[in-house]
Ligand SMILES: O=P(O)(O)OC[C@H]1O[C@H](OP(=O)(O)OP(=O)(O)O)[C@H](O)[C@@H]1O
Ligand SMILES: Nc1nc2[nH]cnc2c(=O)[nH]1
Ligand SMILES: [Mg+2]
């Protein structure tokens, strides 16, 4: 149950992805990157550009909200990555760790990196940029848009004292 929100802007996401790329440099060069769709696609594109990596594979994992604990299905396998040897797995975040667990099962020899990690999913990562409290919901720039909010004094729902 999210009780607070962490809003990530495009600029912040880009800075965080470049920071992750810089931290990944000494672990490379990588044969290729496996992006976990869909949230990992944009971070993977940024990191691929920074690491000058041209081989990009994807893995598509669908998790089911009602059974969030442990239920996930792979609808597209990362064929080009084999057992993951020499490959870098990228996602936007780990929350429960269910998605990371499934993907690491497919690619046991790959390195797993993401931008944001909640405590429960943190053990599944080899590298991440920012830890986020478990009850905080990360709002990504692709999920949000700035909204005009009228000044308090002009809102018709505020009774004038
Ligand atoms: O650690 P977990 O509890 O598995 O949560 C983390 C996953 O959840 C989100 O993806 P989502 O399943 O919403 O699909 P999407 O990336 O295609 O939007 C996020 O992009 C991670 O992949
Ligand atoms: N956008 C978003 N998706 C998630 N999937 C699991 N946890 C999160 C989160 O904190 N934010
Ligand atoms: Mg995802």
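Every residue, even glycine, has its Cβ placed from backbone N, Cα and C.
Pulled from TrEMBL:
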BINDING   38, 39, 91, 92, 93, 94, 95, 96, 97, 98, 99  5-phospho-alpha-D-ribose 1-diphosphate binding site
BINDING   92  Mg(2+) binding site
BINDING   95, 138  guanine binding site
BINDING   95, 138  xanthine binding site
BINDING   95, 96, 97, 98, 99, 137, 138  GMP binding site
DOMAIN    10-146  domain 'Phosphoribosyltransferase'
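Annotated features taken from TrEMBL, shown on the structure.
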residue : record                                              : contacts (Cβ under 8 Å, 6+ apart)
38      : 5-phospho-alpha-D-ribose 1-diphosphate binding site : none
91      : 5-phospho-alpha-D-ribose 1-diphosphate binding site : 35, 36, 39, 40, 43, 99, 100, 103, 112, 114
92      : Mg(2+) binding site                                 : 39, 40, 42, 43, 114, 115, 116, 138, 140
95      : 5-phospho-alpha-D-ribose 1-diphosphate binding site : 118, 120, 121, 134
97      : 5-phospho-alpha-D-ribose 1-diphosphate binding site : 120, 121, 122, 123, 124
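With respect to ligand 1, the binding-site residues 97, 137, 138 contribute 97 as residues with a C-beta closer than 6 angstroms to one of its atoms, given in sequence order. The 10 Å shell around the Cβ of residue 93 (5-phospho-alpha-D-ribose 1-diphosphate binding site) contains 23 further Cβ atoms across the protein chains shown. In the three-state DSSP scheme, residue 99 (5-phospho-alpha-D-ribose 1-diphosphate binding site) is classed as helix. Ranking the binding-site residues 96, 99 by other CB atoms within 10 A of the CB puts 96 at the bottom.
It is 11 Å from the Cα atom of residue 93 (5-phospho-alpha-D-ribose 1-diphosphate binding site) to that of residue 137 (GMP binding site).
Across the residues annotated as binding GMP (95, 96, 97, 98, 99, 137, 138), the two Cα atoms farthest apart lie 17 Å from each other.
Over the domain 'Phosphoribosyltransferase' (10-146), the average per-residue pLDDT in this prediction is 96.
Less than 6 Å separates the Cβ from ligand 2 in the case of none of the binding-site residues 91, 92, 98, 99. Packing around residue 98 (GMP binding site) is summarised by its Cβ count: 21 other Cβ atoms lie within 10 angstroms of its Cβ, all protein chains included.
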